[in-house]
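Q: Pasting a structure below so you can have a look.
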Amino acid sequence: MTGEQTGAIESDTEAAIREDHPALITYITAGDPSLEDTKEYVEALDRGGSDLIELGLPFSEPIAEGPTIQAAINRALDAGTTPARFFELVDELETDAPLLVMTYYNMILQYGSEPDVRPFVERAADAGLSGIIVPDLPAEEADPLRDACDDHGLDLVFIVAPTTAGERLNRIMSQVSGFAYVQARLGTTGARADVSNATHDSLTRLSAYDVPKAVGFGVSEGDHAAEIIDAGADGVIVGSALVDIIAEHGTGDAPAAAALESKARELKRGARRGGEQGNGHEQGREEAPEPEQP
Amino acid sequence: MTDRESTGEFEGYGGRYVPEPLQEPLDQLAAAYDDVASTDEFQADFRDHLESFAGRPTPLYHAKNLSERYGAEIYLKREDLLHGGAHKINNCLGQALLAKRAGRDRLIAETGAGQHGVATAMVGALLGLETEIYMGKKDAQRQAMNVFRMRLMGAEVNEVTRGGEGLADAVDAALEDFAANVDDTHYLVGSVVGPDPFPRMVRDFQSVIGEEAREQFQNLERTGDFPDAAVACVGGGSNAIGLFHAFRDVRKTSETSSAAHQNAKRSEDDPVEFYGAEGGGEGAESSRHAAPLAKGQDDTIHGMKTRVIDDDVEVHSVSAGLDYPGVGPEHAMFHAVGRCEYTGITDEEALAAFRELSETEGIIPALESSHAIARAIQLAEEGEHETILVNLSGRGDKDMETAAEKFEL
């Protein structure tokens, strides 16, 4: 894909969402509680039906995260997770679901010997990652990373907040590739008990843009997933609810992997249920394929 | 909605490196600031509060004893005499008045040693705004007096227990609160740091320091011109920017430059030279300091692109107010273009200056400001500047325990 313009052809990330629509996107923090465990957990999430898997590369000041993921990040940092070790893990992983890395701009800038985004992007592409999500990189400052990702065939996913509208929304949607990460509510990440009205509003605002929309922040149960898909999303993103499962189990604990796999199945079933009901699809996606039966 | 292209307005430094939910609120804040702050009505209100509540103007004091000892005329801008004991109140008044006009009824702030938290609590009480201060639990225990002061003035002090329980964790908690409560809450950032518009807004509110000092300096019979050098300590860098801004583009005239100093290198139309004293800790070349301009690299932190200390350096300064791994983006720009010279002043040098000013002038400076005093003494000894203006940004009452321990008082 090197040198191809994004959008000209469908990327791995976008294909993964469209092929098994509606999609389940799962997140865990790499190195929580150790990189060996992460390998097992990623494989479990892959078996459980994840269509994409986001791996958090821990950074010491994660300003977009709530307490659950901050705690996971601290555990991962305490376990000695570094970018170098993170990439070694990704080198080893073999999953059906494409993998994305979610991290902060600081980690990307500081990866090489000089402040520059390219060494990180090159290494990410070498390791077989499909895309990058950077919560603290605004679209206005994204050109260098966008160019580097284009050169290496990586998607660059942007977050759309309930407060994002007008010209800012246009600017973000002109930079985004793979999918738009729709933040369901204000505040930081974390499992919540209900699905926000802001989700419905955001999906309505985004309906005019031809890029898959996946909703995250606060999704923890199959029923949430169903409701979000009903509201017109192409996928759901689940993080804190999975990190909670990891936090409840210790290191090297096989039941954690089993519980993650089973949670993924519940969420994927929920997403499909939403897809089957089909009500609420006012936006009318053209090419939504029939969901496979489990 | 502004049509912002790149937000790095300080020669590539600055910007808004924050999560997407904060972009729109920052846009709104910038728009409110641009619309309101320059109006005569707002400025009159701000100036009135600076006079009647904060105690402006502050004196410009000729430190004769110190000047005699080191052979240069040293002038101190006495921000230590302001309400609250430091320059912090200038910025807090400006932002709180702006927040009130923008319809916000709640203030939040982060604080390290507690000075900014106390100043925020003061303006919150003054203007009847609900106030919540985030402070790392460790800091809250170390600075119990400031916690009591904040609570007495009606602020809620939220002790942050995550991470290292310090300033960085308090910033995270405050950002989280801001992201969730943008509709009614103003995040009162305490220095020229963070995402746009904070660095330029705080600079503008603090620039009263330099404007006053410039006028006072020109009214002095014996000089009648601008100082040769302006010196300030730099943590985030608000008191330094506040002092420098009014002198940034002025030029000294040749006729007022006396020939008394043979080795003084000066020519017609010289600028006022700027010197920033960073928290050098155990030395800018050591593994424990807070001097990202003297020794650091470009990076993003707390929503801005700026200079940050190297990864393998532990952030440390004897002065809590300078104990910060980054610095305001305008300072990063001044450093890059060579407009200001930044030096790490070590803990030992700062403590020596702390004692020296106390003994020679009967003024106990804050440990932060002691870094500026130490740098001014170095410059006087070097003999290249005839007149040196120093921002005495705060008083040292809060540092008495450190001093008592250090000097066995």
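Cβ atoms are placed via backbone N, Cα and C, with glycine included.
Features from TrEMBL:
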type: ACT_SITE; residues: A:E54; note: active site, proton acceptor
type: ACT_SITE; residues: A:E65; note: active site, proton acceptor
type: REGION; residues: A:263-294; note: region 'Disordered'
type: COMPBIAS; residues: A:263-275; note: compositional bias 'Basic and acidic residues'
Q: Distance between A:E65 (active site, proton acceptor) and A:E54 (active site, proton acceptor) at the Cα atoms, whole Å?
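A: For A:E65 (active site, proton acceptor) versus A:E54 (active site, proton acceptor), the Cα atoms are 14 Å apart.
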Q: Let me know how many other Cβ atoms fall within 10 Å of the Cβ of A:E65 (active site, proton acceptor).
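A: Total other Cβ atoms inside 10 Å, all chains included: 27.
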Q: Summarise the compositional bias 'Basic and acidic residues' (A:263-275) as counts of helix, strand and coil residues per DSSP.
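A: Looking at the compositional bias 'Basic and acidic residues' (A:263-275) with DSSP, the answer is 13 helix, 0 strand, 0 coil.
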Q: Counting only residues 6+ away in sequence within the same chain, which have a CB under 8 Å from the CB of A:E54 (active site, proton acceptor)?
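A: Within the chain, A:E54 (active site, proton acceptor) has Cβ neighbours under 8 Å at A:I25, A:T26, A:Y27, A:I28, A:L99, A:L100, A:V101, A:M102, A:I133, A:I237, A:G239.
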Q: Please classify the secondary structure at A:E54 (active site, proton acceptor) using three-state DSSP.
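A: Where A:E54 (active site, proton acceptor) sits, the three-state DSSP reduction gives strand.
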